[in-house]
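Copied over from Swiss-Prot, here are the features:
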type    : residues               : note
REGION  : 1-145                  : region 'Editing domain'
REGION  : 195-487                : region 'Catalytic'
BINDING : CYS287, HIS339, HIS460 : Zn(2+) binding site
Amino acid sequence: MRLLLIHSDHIEYEARKKTKVAEEDAVQKDALDEALAVFCAVESVDEENIEDAVRQAADEIVATARQLGTTNIMIYPYAHLSSDLASPGAAVSVLKGIEGALVGTDGFVVKRAPFGWYKAFSLSCKGHPLSELSRTILPGEGAAAPKKEIEHEFFVITPEGDRKNAADYAKEETPFAALIRKELGYPGPEGAEPVHVDLMRAKELVEYEPRADVGNHRWMPRGKLIRDLLSDYVLTQVLDYGGMPVETPVMYDLGDAAIAEHAAKFGERQYRFKSGNRDMMLRFAACFGMFSIMHDMHISPNTLPMKLYELSTYSFRHEQKGEVIGLKRLRAFTMPDMHTLCRDMDGALTAFEEQLAIGWKTGEDLETPLVGVFRCTRDFFEQYELWVKGIVAKSGVPMLIEVLSERTHYWIAKVDLAAIDAQGRPIENPTVQIDVESADRFDIKYYAPDGTEVHPPILHCSPTGSIERVICAMLEGTAAQEVPSFPTWLAPTQVRLVPVAERHICFAEEIDTRLNAAGIRADVDDRDESVNKKIREAGMDWVPYVAVIGDQEAETGRLMVTIRKLSEKKKPFKESMTESELVQAVKLETAGKPFRPLYTPRLLSRKPRFI
């Protein structure tokens with residue numbers, strides 16, 4: 001930040017014409033006598049630590065004013081002091097921050113000329129040796145500002161409503177205990193690479209893209225099928241719940257004050273770039289686009305709660321290179337994102353319960369057992385303690401509770417549900433949050449019957465968490481399975497037909513055609529390989545149902561089927577079935593779940609290797 005400080009007899013300004021980034025509701029004309037005029041250019045470097053830039057600038061202004069013996073301050077945005085300016089939104093945040101810090105100083109009279117206006121001004125400089133000073137502010141170079149300590153209190157609430165010491169649970173060897181150990185800061189497991197990293201490649205699902213930025217992946221047909229089915233699944237859940245799908249851009253202009261302020265909440269882990277002379281960012285969630293839609297809508301309280309949903313493909317977070325790993329932490333990911341505009345806090349609490357129930361259900365449907373932590377401010381807990389106990393009771397399992405002494409984010413309450421990986425580390429997936437800032441920030445409002453303007457609470461909900469983390473959790477969960485498998489509805493191949501000899505291939509193809517027509521993903525291993533090798537490779541592909549086709553099967557029409565989920569290690573479970581019984585068995589397992597056809601050739605002889 002660049003400051004030009006002029007001790008003046010008099011300064012006055014008049015705002016004449018708006019620019020496209022002009023502050024609204026600005027004071028159009030003002031003046032001060034015996035004042036320190038502070039001409040200020042907020043620079044791009046200030047965006048790295050706005051809080052520190054504000055603190056240092058305010059300290060410099062206060063020190064200079066006291067040295068000059070004045071308590072009147074005029075803050076004047078003056079872009080001409082620098083050629084490397086911050087985004088307009090960040091600049092406004094800094095200027096408001098400086099104003100707020102100075103207003104809180106005893107005896108000071110503070111005025112601020114508006115940002116983003118063409119202004120006329122007149123200034124009378126006193127002309128003494130200290131009347132013209134310049135300062136350069138670099139965030140992080142001054143003495144560290146004392147940070148207000150946020151207190152965190154942890155405890156467990158049981159479904160019966162009892163409050164328990166969280167540390168007592170940490171001694172157990174359970175998924176819930178693993179979550180508690182992580183939240184309480186216990187030393188975690190180190191060194192071992194997550195199980196899913198090898199599996200995601202071995203199963204030809206997904207792998208790193210070496211020609212892209214780290215944390216950006218390429219998806220093979222088998223992985224793409226699973227990813228698409230999961231997306232279909234979430235869409236079905238959202239539509240059943242009354243959500244309305246939308247689609248919004250992946251990039252946003254940081255010159256918009258609301259965008260810049262919301263982006264600043266997430267710190268430096270953002271992809272930012274220049275588009276001409278505009279500072280842009282890639283979204284890290286679908287909030288920006290949905291809030292923009294809500295801002296432009298005419299909202300009637302009779303339409304609330306209103307739920308908008310987007311499968312955010314892609315969202316971007318510039319995670320530290322050393323933290324990027326597999327499908328757990330990426331820089332580009334797919335986030336199912338629903339935002340619910342509620343009428344009031346009672347409506348938000350009701351919707352929160354409903355969406356939490358959806359989150360628990362996704363863990364069951366995806367066969368990824370979940371554990372939960374509920375976080376809120378102390379004020380919220382004191383007001384809604386009975387409600388918190390109620391959602392734990394409805395969940396039917398104990399939950400870790402974290403109570404914060406003050407609000408530090410846009411939410412006052414949130415729940416995070418997590419699967420536990422093979423090393424005992426949480427994989428946070430579904431979440432629901434009560435946002436009490438964004439409606440104000442983006443001017444999302446409705447009018448009550450008495451004409452009162454209302455900026456209502458907004459729920460953020462990802463019913464599953466990112467699609468990549470869901471697959472991560474499923475793969476990690478297989479480490480505890482004696483015979484690892486995908487849920488049948490997600491298996492890239494649901495039935496594999498293994499002809500014993502070349503003469504059986506035509507019969508196998510006929511069955512394969514009928515199975516696919518019945519809505520079952522089936523393929524035929526027609527390669528010139530031994531039956532044992534074909535069966536072994538079907539096992540490596542985690543195919544749920546494998547049927548060997550020989551002379552007897554061709555004659556009788558009955559198939560000897562190996563059922564993976566009922567098998568034990570080195571002890572396959574086999575059952576004789578008719579073709580219709582096989583169809584019925586698969587349909588029973590996949591009932592109510594989305595279906596997509598094979599993404600790979602039906603004949604394995606025509607299937608390429610990707611990895």
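Heads up, the Cβ atoms here are built off N, Cα and C, so glycines get one too.
Broken down with DSSP, the region 'Editing domain' (1-145) shows 44 helix, 56 strand, 45 coil. This prediction places the mean pLDDT of the region 'Catalytic' (195-487) at 94. Sequence-ordered, the extra residues of this chain that approach the Zn(2+) site, with Cβ no more than 8 Å from the Cβ center of CYS287, HIS339, HIS460, are ALA285, ALA286, MET290, PHE291, ASP337, MET338, GLN433, ASP435, SER438, ILE458, LEU459, CYS461. Between the binding-site residues HIS339, HIS460, the minimum number of other C-beta atoms within 10 Å of a residue's C-beta occurs at HIS460. According to its DSSP assignment, CYS287 (Zn(2+) binding site) is helical. For CYS287 (Zn(2+) binding site), other Cβ atoms within 10 Å of its Cβ number 27.
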